[in-house]
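Engineer: Annotations per Swiss-Prot:
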- Cys82, Cys85, Cys88, Cys131: [4Fe-4S] cluster 1 binding site (BINDING)
- Cys92, Cys121, Cys124, Cys127: [4Fe-4S] cluster 2 binding site (BINDING)
- 73-102: domain '4Fe-4S ferredoxin-type 1' (DOMAIN)
- 112-141: domain '4Fe-4S ferredoxin-type 2' (DOMAIN)
Amino acid sequence: MVKYIKLDERAEVKSSFDRFKQFLHRTFRGELFIGLWVVLREMLKKNNSHTILYPMEKFELSDRYRGIHKLLRLLESGNERCIGCGLCEKICVSNCIRMETTLGDDGRKKVLNYSINFGRCVYCGLCADVCPELAIVHGGDYEFASEQRAFFGFKKDLLTKYDELKNQKEFTGFGSLPENVDDLIKLTPTVYTKKVDENV
């Protein structure tokens, strides 16, 4: 059991030499030299830099990093993936997503305007998790300083450009589909009936 020492039971330091000895004892303990040895050892190791030269070098981020949002396109056709369901707007906890839709000529929803207020966004990732088409994802861009508090990202800024479409990669973070997804999908009944008709 630990016995606590009352302050007045301690040995009283009387002379200045005793104070100096107490100072040396408290300063030069073993922990100080252990810490100095760790710092010196890490400093003298080659190719063991813990810092990067920021403007020239960029940090490699995880696929799960939640940076500035991106609106992806379909790789085959280049059309927008967003179907205008509005789930991202409904689930947004900071109420920063705005979407305007209209019915197109084919009777499907078309997204007219899509904006995100990055000043209000808390980058929780709920919008990307709830998206049924994986149209909105978080990118790896973390350099988005702005002079205004309300900094909006609009559809034309978030959507993948046509000339960059060949470089667009499928989202590999949380909620993405596995690479062998085609092997895991079961055939629909219409495919089965077509196969039966072909065999007859």
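Note that the numbers count up from 1, one per residue, in the order the chain is shown.
Cβ coordinates are placed from backbone N, Cα and C, and glycine is handled just like the others.
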Engineer: Neighbour count first, Cβ atoms within 10 Å, every protein chain included; then name which of Cys85, Cys124 tops the list of binding-site residues.
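Structural biologist: The residue with the densest Cβ neighbourhood is Cys85.
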Engineer: For the recorded [4Fe-4S] cluster 2 site formed by Cys92, Cys121, Cys124, Cys127, name the remaining residues of the chain with Cβ within 8 Å of the site's Cβ center, in chain order.
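Structural biologist: So the extra residues in range turn out to be Cys88, Ile91, Val93, Ser94, Cys96, Ile97, Ile116, Val122, Tyr123, Gly125, Leu126.
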Engineer: Compared by Cα position, which of the binding-site residues Cys82, Cys85, Cys88 is the closest one to Cys127 ([4Fe-4S] cluster 2 binding site)?
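Structural biologist: That would be Cys88, the closest of Cys82, Cys85, Cys88 to Cys127 ([4Fe-4S] cluster 2 binding site).
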Engineer: Can you give me the residues near the recorded [4Fe-4S] cluster 1 site, meaning same chain, not Cys82, Cys85, Cys88, Cys131 themselves, Cβ no more than 8 Å from the center of the site's Cβ atoms?
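Structural biologist: Output for this site, in sequence order: Ile83, Gly84, Gly86, Leu87, Cys127, Val130, Pro132, Glu133, Ala135, Ile136.
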Engineer: Counting only residues 6+ away in sequence within the same chain, which have a CB under 8 Å from the CB of Cys82 ([4Fe-4S] cluster 1 binding site)?
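Structural biologist: In sequence order, Leu71, Val111, Tyr114, Glu133, Ala135, Ile136 meet the Cβ cut-off.
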Engineer: Could you break down the residues of the domain '4Fe-4S ferredoxin-type 1' (73-102) into DSSP helix, strand and coil, giving a count for each?
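Structural biologist: So the counts come to 5 helix, 8 strand, 17 coil.
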Engineer: Whole-number Å distance between the CA of Cys131 ([4Fe-4S] cluster 1 binding site) and the CA of Cys124 ([4Fe-4S] cluster 2 binding site)?
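Structural biologist: Each residue's Cα considered, Cys131 ([4Fe-4S] cluster 1 binding site) and Cys124 ([4Fe-4S] cluster 2 binding site) end up 14 Å apart.
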